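First up is the structure itself, then whatever we jot down about it.
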């Protein structure tokens, strides 16, 4: 399926955020917070020097972070660790409930199909840009990684007819499915978020589950996906990254403007949802919760949603 949209790879634009996530996972693996042995070699394969140094520990948080700043490399690593634990547990809970079909939307450098202990008979579909999946497939082959589920790559842009591409790979909408939208929704325009959730709903049998990361900052403003407060939190961090040779503006990559609340939207369509603030995930992992000194909202106020289809 050929897309007419702008494309990117794992070293540029939105694709670089997938490499950033893997770098954070690699760093968190060294502390025992998570276990992703594929994260570091995948980051190395992409070849962004800054991200490789982050992943390996050659670049310490103290080298980059600004004392007293709300967010820095250490806080970003903690966020990604807590987020990874949440989605790992989500898939584990779904498997325990008997779900044997899973879909990872915008999978990037996600290696759950190779590192999680999936029950026998589980089919895992990974959806992402063709170049991204081709790169990851080659890298995992070079690493001699063995899948722990039946992994099926669905190479399609989420702005195109991805449900058709998913069905073409053998997806069965009559079976309960575990869906994940990790680090995805803030990058979608508000109307595209609704279309994605509608498509997931139409493809989901009773008992299906969806886990999603929901960014509250910027959801009701025109100040970028992070909102004015979120951008203010991250700008010192991103400025230091630029000094070390890596230039990425997370606010520019997302989509701002009023959008429907994910939990409310899903519940109106037959799902029952539970939200967990990022702050609670950090606290449960024994990690510091970053809070601005002036008490304004921050990234810690974003939430994670798990919804079950009735």
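Glycine is treated like the rest: Cβ placed from N, Cα and C.
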Swiss-Prot S-adenosyl-L-methionine site partner of 157, 158, selected from 128, 142, 172: 128
Cβ-centroid neighbours of S-adenosyl-L-methionine site 128, 157, 158, 8 Å, sequence order: 105, 106, 127, 129, 156, 159, 160, 162
Least buried by Cβ count (within 10 Å) of the binding-site residues 128, 157: 157
Sequence-distant neighbours of residue 158 (S-adenosyl-L-methionine binding site) in its chain (C-beta under 8 A, six or more apart): 105, 106, 127, 184, 188, 196
Local backbone state of residue 128 (S-adenosyl-L-methionine binding site), from DSSP in three classes: strand
